[in-house]
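A.B. asks: Pasting in a structure now, in structure tokens, and then I'll have a few things to ask.
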């Protein structure tokens with residue numbers, strides 16, 4: 001019987017059924033009889049004669065690993081060595097973990113970083129109101145806790161804010177500029193602040209100022225008719241003995257005389273600067289949506305007030321006219337409008353800030369001896385740099401391009417004016433640029449210029465631009481940084497007197513700072529209005545070191561008088577220290593670079609409109 005299957009080689013596959021019996025198969029085993037009769041050697045005989053136990057012992061000499069048969073002895077040795085190596089490696093690792101590690105210490109901070117940390121402490125010393133527990137200025141305490149409430153015409157709390165300088169007056173105009181400048185530095189260099197552990201500190205500093213400004217007007221309203229411009233009084237008429245913040249020499253904690261509040265109803269410059277301050281702070285605190293929106297609303301209300309109620313805040317012979325006189329409000333419109341656009345993304349603010357007539361009124365085309373000098377009074381230079389940033393990174397195009405290109409070109413010219421080769425500004429023999437043309441208190445202008453120069457250099461680098469032109473001459477970015485660096489190094493001690501003008505920095509710095517709180521000891525004694533005069537007159541150094549305070553600075557001959565009563569040399573101000581902090585953070589650290597995107601977090605994507613078609617041709 002056969003079965004057929006498919007033969008893979010092409011023919012039928014036949015499977016045969018074997019029906020033979022066992023006897024048949026036995027008979028068919030016709031083997032080689034000679035082979036069976038052949039004598040076996042000893043090995044073969046041992047194989048045949050070996051018992052079951054002997055064959056097992058032979059097999060146990062080898063280990064069958066499936067694809068490989070190896071000697072059992074070799075296998076045991078290999079496994080043992082591997083186990084020993086694993087145990088040894090684990091022991092070494094355990095010992096290594098048990099031994100205390102000695103990390104290589106980080107490199108010491110550079111000089112600018114050291115000075116930055118000290119400069120920020122000045123703002124802690126200037127705080128008014130109920131101080132936080134981490135203020136870290138042991139000789140300061142709560143002060144002026146009845147500001148606003150003690151004035152029946154106001155009747156609300158104006159506690160907080162910052163004292164302007166060595167007195168206890170709170171001038172909102174320079175204070176707002178100071179906070180705007182600090183916020184600007186945080187937006188550009190937050191990574192640097194964080195790297196040196198000061199980001200939380202600078203944010204607290206900005207918030208302390210912003211919270212106070214929100215108290216100085218009805219920040220929940222959409223329309224207002226007044227703004228607080230000043231708390232305290234500094235004016236002293238000849239022969240007057242009326243106690244105030246200049247006539248008296250007292251610790252702020254001991255002040256017991258009335259502190260008047262001054263409001264204004266037509267103060268475009270002040271309101272626009274305060275709007276800029278709150279708008280910039282809203283970008284700093286964009287991670288806190290509710291607080292950021294609160295700041296934006298307050299800034300919007302202030303800027304609306306500034307546009308609808310035209311006037312200079314210092315008009316009319318007030319205290320402000322004597323200490324912080326504003327020459328114009330047009331520059332605040334450009335400056336404030338720029339910050340309002342960056343904080344809101346509302347293009348109407350950009351249209352205002354880039355309006356050619358507004359730029360003309362602000363002095364963009366005038367030139368003059370103070371052109372390019374950035375200060376608490378003149379914000380035009382800062383606005384030009386800020387709007388140049390917008391052109392470099394966003395390039396909004398028509399209809400803004402023409403005026404933005406003008407501001408960009410003007411910024412380049414201003415940077416050229418800072419270079420010694422062009423002699424736009426004189427310099428002392430020690431190398432300090434005289435941006436205020438030899439007048440007293442020069443350092444506040446120098447630090448602002450150093451900040452703008454370093455910042456603009458970082459803008460160019462971020463835009464992949466190696467430098468800029470001054471006429472036909474090309475200058476690399478490092479030229480700007482060298483200018484900023486040499487000016488700040490002068491302030492920190494590289495000057496003919498080897499004097500650091502930042503208190504607490506270096507081995508030699510002013511010891512008789514014009515500052516009431518620093519000059520009167522905290523010894524439990526209440527020194528009244530005139531009782532503190534002896535501390536003003538003494539030639540002894542201040543008992544309290546006001547760390548980080550940048551004094552007014554040397555004269556045009558590099559001379560300096562460390563005399564407490566001479567505020568033109570020894571007084572420190574909020575505005576001056578704000579510029580110092582901004583310049584120091586821009587120069588600090590090993591790397592350069594700004595945060596390109598945070599500034600534009602509220603700005604919507606820009607799609608430039610095409611320019612209008614040309615007029616029809618006419619013969």
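Just so it is clear, glycine is given a Cβ too, placed from its N, Cα and C backbone atoms.
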A.B. asks: Would you please say which range out of 74-96, 97-119, 120-142, 143-165 has the annotation transmembrane segment in TrEMBL?
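C.D. replies: Going through 74-96, 97-119, 120-142, 143-165 one by one, TrEMBL gives transmembrane segment for 74-96.
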A.B. asks: In angstrom units, rounded to an integer, how far apart are the Cα atoms of residue 562 (active site) and residue 514 (active site)?
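C.D. replies: Their Cα atoms are separated by 9 Å.
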A.B. asks: Are there any residues in the same chain, six or more apart in sequence, whose C-beta is under 8 angstroms from the C-beta of residue 514 (active site), and if so which?
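C.D. replies: Spatial neighbours, sequence-distant, of residue 514 (active site): 165, 166, 551, 564, 565, 566, 567, 570, 571, 572.
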A.B. asks: I need the most crowded of these active-site residues: 562, 571. Count other C-beta atoms within 10 angstroms of each C-beta and give me the top one.
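C.D. replies: Of the active-site residues 562, 571, the most buried by Cβ count within 10 Å is 571.
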